[in-house]
Amino acid sequence: MSPSVLEPQSVPTLVNVGLKAVGRNDAPVERDARGLSKPLLELMPTLGTDAFTFSPIRESTVSRAMTRRYFADLDAHAETDIVIVGAGSCGLSAAYVLSTLRPDLRITIVEAGVAPGGGAWLGGQLFSAMVMRKPADVFLDEVGVPYEDEGDYVVVKHAALFTSTVLSKVLQRPNVKLFNATTVEDLITRKHHAESSSSSDDGEAEDEAKVRIAGVVTNWTLVSMHHDDQSCMDPNTINAPVIISTTGHDGPFGAFSVKRLVSMKQMERLNGMRGLDMQSAEDAIVNNTREIVPGLIVGGMELSEIDGANRMGPTFGAMALSGVKAAHEAIRVFDLRKAQNDKC
């Protein structure tokens, strides 16, 4: 097995997200020789008989159980530490690393689709297998996804195995909340002031026109899709000192943040994703994952629209490791951005 990508020097205190801790039964489950638990085996013969019935419930109980928790999450994450825009392979990988290394941080994932995972449920041309070039196998080892080792690359038997594994691990973290079927409609901005009149501690030049990203503007995806035929559907907001945008290459919701930077005059133009070149594309995406403007880190294929990088097609190693790099960058700049964000 390859060494872990995660080497935390200390384990910070777990963040309190506003709800009571999730109850878990960590006691070992008794199983028979066939592998099923004793309670399930005892239940099976009753299914379809008069002896089987669910516990009683009233419809309003279900409504309140969902509503209470969702609005508690909205309240808890209105002010968060890190927002990840887009829950594809890059965004989920970033969420995994962040929530592991910094359990003290509140991490909010905003995904436009009902189903998280982006394009990582299948390989190329709707085929099942997922190919990752080494050293991305290190991340597969980290999350426990099995694969076939083919020398310079590895093959996961079904892309959904990777996505569902990372997704399940991320969603179990108490400091992570996923808001799916929710889109980011805009970015919250503040005028960016460098630390001195010439440059800041991290080398940022003073520029009166420069902005710092201080959160995201959200709405239900279905509402966002109908702004042209309905009126007065104002959004909601989430404040955060660091945003990681991993919305993919240009498309209906793709490359959203970087396109918005152009319209806000923070970038002159996008260079546009180039044609497919697996050899150069993956290195470029991982190595150039970075903070584009203060408070906004861009990773994955969204980055290709800024840099004019090649697309890599159906090989996914760069998506996973770009997420790892994005998490590393977020941790690196977090204290500075939080200090700036707390001033306003």
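Every residue gets a Cβ built from N, Cα and C, even glycine.
Swiss-Prot names C90, E111, A112, V184, D234, H249, M301, R311, M312, G313 for binding substrate. Of G119, G295, the residue it gives for the same site is G119. Counted within 10 Å of its Cβ, the other Cβ atoms near C90 (substrate binding site) come to 35, all protein chains included.
Shown are the recorded positions V184, C232; of these, the residue with the fewest other Cβ atoms within 10 Å is C232. In this entry, C90, E111, A112, G119, V184, D234, H249, M301, R311, M312, G313 make up the residues listed for substrate, with the farthest two CA atoms of the set 38 Å from each other.
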